[in-house]
Amino acid sequence: HENTTLQPRPPPEELSYGATAAHWGQDPAVSVPRSGPAKQDYLIAAVLCYANLINFMDWSIVPGILLDLQTYFELSDRDTGLLNTVFIMCYMLAAPIFGYLGDGYNRKLILGAGVFFWSGVTLGSSFISKSYYWTFFLSRGLVGIGTASYSTVAPTIIADLFEEGKRTTMLSIFYIFIPVGSGLGYVLAAGMTKVTGDWHWAFRITPCMGGLAVVLLILLVPHKIQRRTAAHRALSISGTLRVAAEKPGVQRTAKTTWCHDVVVLAKNWSFVWSSLGLTAMAFVTGALGMWIPLFLYRAQVVQGLVPPCLQEPCDSSNSLIFGGITMGTGLMGVITGAEAARRLRKINNKADPLICATSMFISALCLYIALMAAQTNTLYTFIFIAFGELFLSVNWAVVTDILLYVVTPRRQSTALALQILLSHLLGDAGSPFLIGIISNAIQAKKAHSFLWSFWSMQYSFIICAFVGVFGGGFFLLTSFYIEEDRKEAER
């Protein structure tokens, strides 16, 4: 016999919302089991976190050695920004496809194939010669397709493995590896280039780590992981489900078409506005991640701190420092955001979107100050960039948590894929390219000089501060609808 306990429905003022909340929508006298996640669940989550680390390390290798790539392939700012655009465009176009497959097919197979594919392409890109520069652009697009298969499916597996308070904790840990992996990508790229004197070696480490991830996925992740519907998450065992199925308050989940799911999600204003807020975050982080090391290098050239790089390998110290900042602020930001959300939900049902809005406004201000200080003081620039990244990182786990409790479980993979599509299409798919275009246009009006190269990028970057303010506004709008949409998802 399994231990069960009667769970009466708490009054509204005692409900705890977010991913930490139980889903109440059944008869108050239904018997619910108390059981924690098994050790195997934690092991599966650890494997998924490890693969997520590699995923985002691959994202950051190119910006980590951007100066070397720009010098080697003789790329303009516009063409350099296009590198990231090709990667993100392929990533976001593939995301809805893998999201749909993840809702209906074997998720383990999708994960393993994706990791194997993008690791192989990354390794192959390390052998591209200068005369075939277009092949390098193609390889980044293929890596984007491979990583899309992972990013859309892995979070839903974690959401199915854990419930109540554990789910927020595990998702927070999973998303910590976004900034940690990104930071390690900068460090790996710059470190390997410095040690070997050849930037090609920066692309030969993560494929080995990816091979290990594939082996771990094969050995440790089961072929089938129970997909929890709203009823599953509240009742947990099949025997109780049979009892609940006889009650009029519990409805069985009917399979719907992808188009119908999209229409339903488009009417969910909490999902729409929070996705637009995430889009603003992606715009800013994409631009910063791609251009900051190169921007700081140009600022230091203007200050006379470093000589101009005319032939690779170039000085990659900015990438090392920026990578360290990204890791540190990412860890602090994700943990702080998750903890702040957990505490503030108890006193304010709209805490999640308000946290996101506040952090976006503060981040925009910090980034603006960093840009203005770059020409005269590199130390202040690093400090305010760190604060800007810290407040951006506060939102990663919280935004995903919002999605998971305002969208019904059977549409979560599709919702996550659409959110990825929107945030990248209007966010980091275009922001590096846009900044490169503006920078080129400014440089074209004046004779080439190192000072104008710096100013052109500084003026281009200011757009990120304004986009950050818009992002804060979108999260404020989310707070107007979140209670109603949460209750609708629970029903």
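One is the number of the first residue shown, and numbering goes on along the chain from there.
Including glycine, each Cβ sits where the backbone N, Cα and C put it.
What TrEMBL annotates here:
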- 42-62: transmembrane segment (TRANSMEM)
- 44-483: domain 'Major facilitator superfamily (MFS) profile' (DOMAIN)
- 82-102: transmembrane segment (TRANSMEM)
- 109-128: transmembrane segment (TRANSMEM)
- 134-158: transmembrane segment (TRANSMEM)
- 170-189: transmembrane segment (TRANSMEM)
- 201-221: transmembrane segment (TRANSMEM)
- 276-299: transmembrane segment (TRANSMEM)
- 319-341: transmembrane segment (TRANSMEM)
- 353-373: transmembrane segment (TRANSMEM)
- 379-404: transmembrane segment (TRANSMEM)
- 416-439: transmembrane segment (TRANSMEM)
- 459-482: transmembrane segment (TRANSMEM)
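Non-local neighbours of the transmembrane segment (82-102) in the same chain are 59, 62-63, 69, 75, 110, 114, 136-138, 140-145, 147-149, 151-153, 156, 258, 286, 290, 413-414, 416-418, 420-421, 424-425, 428-430, 432-433, 436; each lies 6+ residues outside the stretch with a CB under 8 Å from one of its CB atoms. Among the stretches 42-62, 170-189, 353-373, 379-404, 459-482, the one making the largest number of Cβ pairs under 8 Å with the transmembrane segment (134-158) is 42-62. By the Cβ criterion (distance under 8 Å, sequence gap of 6 or more), the transmembrane segment (459-482) is counted as touching the transmembrane segment (276-299), at least 3 such pairs being found. Two recorded stretches are said to be in contact when at least 3 C-beta pairs lie under 8 angstroms, sequence spacing 6 or more; the transmembrane segment (379-404) and the transmembrane segment (42-62) fall short of this definition. Outside the transmembrane segment (353-373), and at least 6 residues removed from its termini, the chain residues within Cβ reach (under 8 Å) are 270, 273-274, 277, 280-281, 284, 288, 337, 340-341, 344, 380-385, 387-392, 394-395, 398-399, 402, 458, 461-462, 464-469, 471-473, 475-476, 478-479, 482.
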